[in-house]
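TrEMBL lists HIS72, GLU73, HIS105, GLU106 with the feature Fe cation 1 binding site. The compositional bias 'Basic and acidic residues' feature in TrEMBL is assigned to 153-162. What TrEMBL records for 153-178 is region 'Disordered'. The Fe cation 2 binding site annotation in TrEMBL covers HIS237, GLU238, HIS270, GLU271.
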Amino acid sequence: MTAATETEVASSGSTIAALRESLCSEKTPLPVRFRALFSLKHLARQSTGAESIAAIEAIAAAFASPSALLKHELAYCLGQTGNNAAVPHLTAVLEDLEEDPMCRHEAAEALGALGDAQSLDVLHRFRDRAGEDVVVTETCEIAIDRIEWENSEQRKQEKLRQSDFASVDPAPPMPEDNKSVEELEKALMDTELPLFKRYRAMFALRDLASPPDLPTAVPAVQALSKGFADPSALFRHEIAFVFGQLSHPASIPALTAALSNLEEASMVRHEAAEALGSLGDEEGVEETLLRFLHDKEVVVRESVIVALDMAEYEKSDQAEYALIPEVTGTA
C-alpha cells in the first residue's frame, strides 16, 4: 500500500467514524442524523472491502436508538447498499418481536432489495407466523416474490424500461410492453392480484410520471393517488413513498389529505409528511407541514421535523441532501 493510499484509507475511516458518531448520538438533531445516514449509505454503496463494511456497521449501530423513524430509515438504507454484509443486521431486526412493526417491515423489505436467496427461510417464517402484524406479513410476501423474481429465468427475459430512479425498489416495474396508464391503474387497484404484481404496476406508473413534463405524468400521478383508498396500510404507505421520489406537484393534494387524516395509519402519515418535504419549494407545503409539528404520533412529528429540513434544502442551492455528496440520480 502506498503512502497516498494509506492516507486515503485513514481519511475515509475518520469520515465514517465522524458520521457514525453523528448518527448514533441522541444529542444530534434528527435532520443531521438523517444527513449522516444518507452519507453513510453513499459510502457503503460506492466503496468496497473494509470501508463498505465499516459504513454498514456504522449504520447498524444506530439500531440502538429509540426512534422508530430513524430505525426504519436505517433498514431502508441498508437494503440500498447492495452488500450482503447488511443481511445479519436486517435479519436481527426482523426477528426482534419487541421492535416496532414499521422497523421490522422495513427490514424485511430491505432483505428483499438485497435479493439474497438465503434470506428466503426467515422471510417465509415471518410471513407464516401466527399472530404476526399484517404489515410484516405483507412485506415478507412481497420480499419473497422479489427474491424469487430476481433469481428467475423470467427476469432474464423481461425487458424493463430504463428508470430515472437509482433506488432498489420492493418490486421492479412491469415489463416494457407499452401498457397504458389506464391498464396499469387497473392492475394497481386489483386487490385479487398478488401485492408484488400490484407493486410492479405502481412502479411502472411512477416511471411514467418522470420526468414531470411527460404527457403521461399527471395522469399517472392521478392513478397512483387512487391507491390511498386501498385497504392495506402497507400499500398506502408505498404510494406516499413513490410520491416522495417523484416530487410532482400534482401529488400535493393527495399527500396533504393523507397527512391530515388523523384516522390514517401513522406509517402512511409519516411517509406523506416526508414526501411533502421533497416538495418543500411548492406554495403552501411548508405551512401544511408546520400544522403537524406537534402531532400526537411521535413518528409523524419526527417526520415533519425531517421534512421541514428537506424543504429548506429544496429551497437552497445545496447540491445534495447529505453531509457528503450522494449518488447521482434519485434515491
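Positions of Cβ are set from backbone N, Cα and C atoms, glycine also.
TrEMBL: automatically predicted annotations, no manual curation.
HIS270 (Fe cation 2 binding site) counts 30 other C-beta atoms within 10 Å of its own C-beta, drawing on all protein chains shown. Looking at GLU238 (Fe cation 2 binding site) and HIS72 (Fe cation 1 binding site), their Cα atoms lie 14 Å from each other. The binding-site residues examined here are GLU73, GLU106, GLU271; by Cβ neighbour count within 10 Å, the least packed of them is GLU73.
The most crowded of the binding-site residues listed here (HIS72, HIS105, HIS237) is HIS105, judged by how many other CB atoms sit within 10 Å of its own CB. The Fe cation 2 site is set by HIS237, GLU238, HIS270, GLU271; from the centre of their CB atoms, other residues of the chain with a CB within 8 Å are ARG236, ILE239, ALA240, PHE241, MET267, VAL268, ALA272. For the pair HIS270 (Fe cation 2 binding site) and HIS72 (Fe cation 1 binding site), the Cα-Cα distance reads 11 Å. Remark: secondary structure over the compositional bias 'Basic and acidic residues' (153-162) totals 5 helix, 0 strand, 5 coil, with classes taken from DSSP.
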